[in-house]
């Protein structure tokens, strides 16, 4: 796959969560739950997203960039969307951003690109399911169940599209006006969650509690990013030492690299599990609004 150490650690975290969810689903199925197959269908969709994200779906340009922008230089990838390219170009030439702020803004743009890709994967899955459903001649109870599954998928699409539209509006505003110095959060995923939470059916007390949890979540992400950077540095150092022939030095650095790799995997899993839990809570709040 030719993945970087950080991408390999991210893949490990994603697959660990997928494995956890599949084990949970097998227990549900053994107890006679998930009769409509919605949980199983969601597991398949998640696996499709993972395969596309890491270039394992057989498509040439399917691999997504790192959610956490690490390497220097913001011209190493394209945004694949004329609207985003135009906003990014304006932001770069505006003079309103420091180098650090440009790096931060680039992370937001790349995160937005990833959201669009995930939405398109889900849309493709839903379209295939609809085509199969339309070709069924005799309606039955099973088909009614499939209609409910499709309804749930459309709701998921609606949530993702709402997030994309809110995210684009934020990028448009920041690109034109610069960063608000009073802004509470910096990490794109946390900003997304906070914007969605403010639209959900939360009481003031629940929203304040959610705000505090997001602060802890952002700190967890920052810690994960720190270890990702250290892992990249350790990887480069290891490649350099391998050429020197110093076995003792090499072994010491291999041990350090293995420690950093394991810690990065562990933190990546915790971040993604926490993100999954927070997203689920917001989704429930948004669904309650629609009832």
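Including glycine, each Cβ sits where the backbone N, Cα and C put it.
Annotations in TrEMBL come from automatic prediction, not curation.
As given in TrEMBL:
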DOMAIN    2-62  domain 'Alpha-2-macroglobulin receptor-associated protein'
DOMAIN    79-291  domain 'Alpha-2-macroglobulin RAP C-terminal'
COILED    200-227  coiled coil
How many helix, strand and coil residues does the domain 'Alpha-2-macroglobulin receptor-associated protein' (2-62) contain under DSSP? 42 helix, 0 strand, 19 coil
For the domain 'Alpha-2-macroglobulin RAP C-terminal' (79-291), mean pLDDT (0 to 100): 85
